[in-house]
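Colleague: Structure provided below as structure tokens; questions to follow.
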Amino acid sequence: MISEFTISRLVRSKLFRGEHLLRGKMKVSRSHTIPLLWSILFPAVGIGIYFLVYWNWSTLPEGIRIADEPTDSPVFVAERAHEYLRTLTSQGPRVVGSNANEVFAVDFLVNTVNSIIQEAHASNLITVDVQEASGSYFLDYKDYPITSYYRGVQNVVITLRKRDDRQFSGRYLLLNAHFDSAVTSPGAGDDGTMTVVLLEVLRQMAQHNLGLQHGVIFLLNGCEENTMQGAHGFVTGHPLAANVSAFINLDVAANGGREIMFQSAPEFPFLMENYEKFVKRPYANALAEEVFQLGLVPSFTDYETLSNVGKWPGMDIALASYGYLYHTAYDAFETISQDTLQHIGDNLLPLVMGLARSHELFNIEQFRGSPATFFDFMHLFKIYYNESITYVINLLVAVVGLGLIAGTIVMMIRMEGAKLTKILFESGITLIIQTLSIVVGAGVCVAIAAVADAANRSMSWFSTTWLLFGLYFVPFVACLVLGPWMYLRFRKLEYLHNQGRILLFLHAQCFIYIALLVTLTVGKVRSAYLFLFPVIFHSLTTILNMIVKFKLHIWVYIQLIGQIIPVFYFCSLTVTVFAVFIPMTGRGDASTNPDLMMALFSVLLTLLLVGLSVPLMVLLRKIRYFYILLGAIFLVTVILIITPIGFPFREGTSPQRYYIFHQQRNFYHQNGSIRRSHDNYFLYPQDRHTPHYLFNEVPVWRERAQPIEAECDEELYCGFPLYINRYHRQRQNSYWMTSLSQPIFPDPVNLRLLEKQDLSPTVRRFRFSIEGPTLMGFYVSPLPGHSLKAWTFSEQIPPSGTPWNGQSVHYVNYVQAKSRSAHEFYFDIEAPTTLTEEPVVLLSIHANYMYHEQYRTEEFQDLLRQMPSFAHTVAYPNYLENREF
């Protein structure tokens, strides 16, 4: 029996006015629900915000023409940079070692700089030289470490400083970009775009007296695509390297859009301070930096070399959105707009000038500090604060958020006369239901991803990104609503009606955000800032609603309006996440299901976008229509997935990538006689649908191809010449078939054993001479019980890669860019007992002919002509020579 006092309090309540009781149970009137129209209006507003954010994200400044260039101040001119790019890409791919890279590109860059020097202001001193670098270093990649050894790599090194030594500090800011390109790619985006941007930045700075305190080095390096050897050559071999204070690395993994500053030196926050101060249209956040530095992005740039080997602090800036054409033949001049160049130049030019005037570069160690939290809002402005302030802000926001949740509960108790224990119990159950809804929703999305993959329909969103909305966003939203709806439907309360109970669900979701905020903050994860948005704005709406005493319906509108700014930010984050990561799935790991990653991204982003608004859908008068709408969207999406709309790849815009090599493999006995010899084609996988789509389209592959796994126990690293050792990781998804023609090798491998010398009873030295193409790989594998003690390629012996049949495997990535003379090398092998004439080591030479398209056989050309139209194929001959010594 409910007392008259309780009835009178319910009637007077601002929060629950309109209720009445019937036989001791609460009956909710229509006034406690919200119109069905909200089920359409709410998503429509959200989608509208998303498209507004996308428009803002994709809108770039118009490129400035040469005719409109001002003369009184430095202004980046996109038209001139665009003409530089036209010339740079005119000879096709610039693969290291090719004439296009070593002669044409170097001559173009040097001549362009010389013309800039002639027009320079008299106060500026500009120099240009071509460095020819040789060296080696170790890359400690998991399972497949690399000793990178290079000869004759060319860098174009330009310096700009004040002519008067009294006005020059002796310190330099280094700007780095690479002018070489990937095989088959003209490299207009990667990294021709940043190369020509630097030329125009140099020109603008050279023509004005800018009062710079420090010099600027423009390093245009000629070998990044092959283990970042050009940057290493500068760091270890150029005399000016000792005078570098900081650097900016500029790279590209896309064709247009905005450049993102995705990592910097966290211990030198002055870099971010200058970025915030000088960059006009910022695009940077701590989340991207942490994701990249944790190795979650499968990419490496010169930043690692300049930072780890040079020990300099720096920033890594790159175009990274919608990189479907990255490292393909479609990365051509026509794909780069003047607007893209203008956007990069408008940001980079003032940043470089600001750093070249900064007092920090005199002695950067004085400005070492703690990692900063930073992010931009809609590319309009940037927010930046140091580690101490991060702790204060995050924990203060968490405390205030918890206090307001507690205050709301107290307000409920005072206004309704309910017992504290009942409200706390209800709050705890609500938190459990909300958490379970999230977990179940994530599980449903993961299950959908698994089913899509099992049905061979994974990556349906690769070219049609909006399919992700119906495939993963909609089911997760349905689960977020289902938990609260079922709980309210099957558990009735006399002291609290639905609007009050939904308020508890919103508080439960905010509590989850607060828990994540505090946990990440204590763990020193700067990406915790993401949870500031929902907590701060939910707290603000809670304060406003407490002022109006949660007036019926009014509080709902206040809650929704308060989510607008967070939705804007998280829509921007959603655009960035999918624009960066979706294209990566087309050049990743064939053994993993990419839909799992997209499902989890969708869950996280949906939770951030609508976690504090979706529970309100429970208040819909006819919620079944809401579920009918969601079900219809999901059903239509599934239907579209099995139509051509859901086919992942498109010709020319989002192609499927294939690597096909025409190979010759020769295996020798110790006495020099041939043990095995094969001519074959090798298929290296790049995505989840290799080789299925190829087998469907090209009968010869379907009929003749076989997995390479059968070879992997018989021969070192499967006995196929691989461009780089980590290709061995994909051995379970790689295929080969016999070739009727022998590949043609313009620079055949000539390996000669020059000398065999016993240094001790158990140590034998083998000295060789080798000739061959630009890029080769050496695999040195001592037989079981034996070990590698010394070699030419490094002072210390690096750890083995993935062992083969109990043998260690040491890999050398060998490049000879400009120099092609015979090269001598040695290695020393130690035996467990006194040496005999029995074999002690395997040496496998892999040679790659990456820019020799004119030497393809007719059979090879015919095989490539059969490739499907949606495919992009990297194709070249390579050679293997395997010998025992």
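A Cβ is built for glycine as well, from the same backbone N, Cα and C atoms used for every other residue.
From TrEMBL, for reference:
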{"type": "TRANSMEM", "residues": "36-57", "note": "transmembrane segment"}
{"type": "DOMAIN", "residues": "155-351", "note": "domain 'Peptidase M28'"}
{"type": "TRANSMEM", "residues": "391-411", "note": "transmembrane segment"}
{"type": "TRANSMEM", "residues": "423-452", "note": "transmembrane segment"}
{"type": "DOMAIN", "residues": "430-641", "note": "domain 'Endoplasmic reticulum metallopeptidase 1/1-A TM'"}
{"type": "TRANSMEM", "residues": "464-490", "note": "transmembrane segment"}
{"type": "TRANSMEM", "residues": "502-522", "note": "transmembrane segment"}
{"type": "TRANSMEM", "residues": "528-548", "note": "transmembrane segment"}
{"type": "TRANSMEM", "residues": "560-584", "note": "transmembrane segment"}
{"type": "TRANSMEM", "residues": "596-618", "note": "transmembrane segment"}
{"type": "TRANSMEM", "residues": "625-647", "note": "transmembrane segment"}
{"type": "DOMAIN", "residues": "653-880", "note": "domain 'Endoplasmic reticulum metallopeptidase 1-like C-terminal'"}
Colleague: The transmembrane segment (625-647) vs the transmembrane segment (464-490): three or more C-beta pairs under 8 Å (separation of 6 or more)?
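Modeller: These two stretches do touch.
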Colleague: Give, as a single whole number between 0 and 100, the mean pLDDT over the domain 'Endoplasmic reticulum metallopeptidase 1-like C-terminal' (653-880).
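Modeller: Its mean pLDDT is 94.
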Colleague: Where, among 391-411, 464-490, 596-618, do we find the most CB pairs under 8 A to the transmembrane segment (502-522)?
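Modeller: Out of the listed stretches, 391-411 contacts the transmembrane segment (502-522) most.
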Colleague: Please determine whether the transmembrane segment (391-411) and the transmembrane segment (596-618) are in contact (criterion: at least three Cβ-Cβ distances under 8 Å, sequence separation 6 or more).
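Modeller: No; fewer than 3 Cβ pairs under 8 Å.
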Colleague: For the transmembrane segment (560-584), name the stretch out of 423-452, 464-490, 528-548, 596-618 with the most CB-CB pairs under 8 Å.
Modeller: 596-618
Colleague: Given pairs 6 or more apart, does the transmembrane segment (423-452) have at least three Cβ pairs under 8 Å with the transmembrane segment (528-548)?
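Modeller: Judged by the Cβ rule, the two regions do not touch, with the required three close pairs absent.
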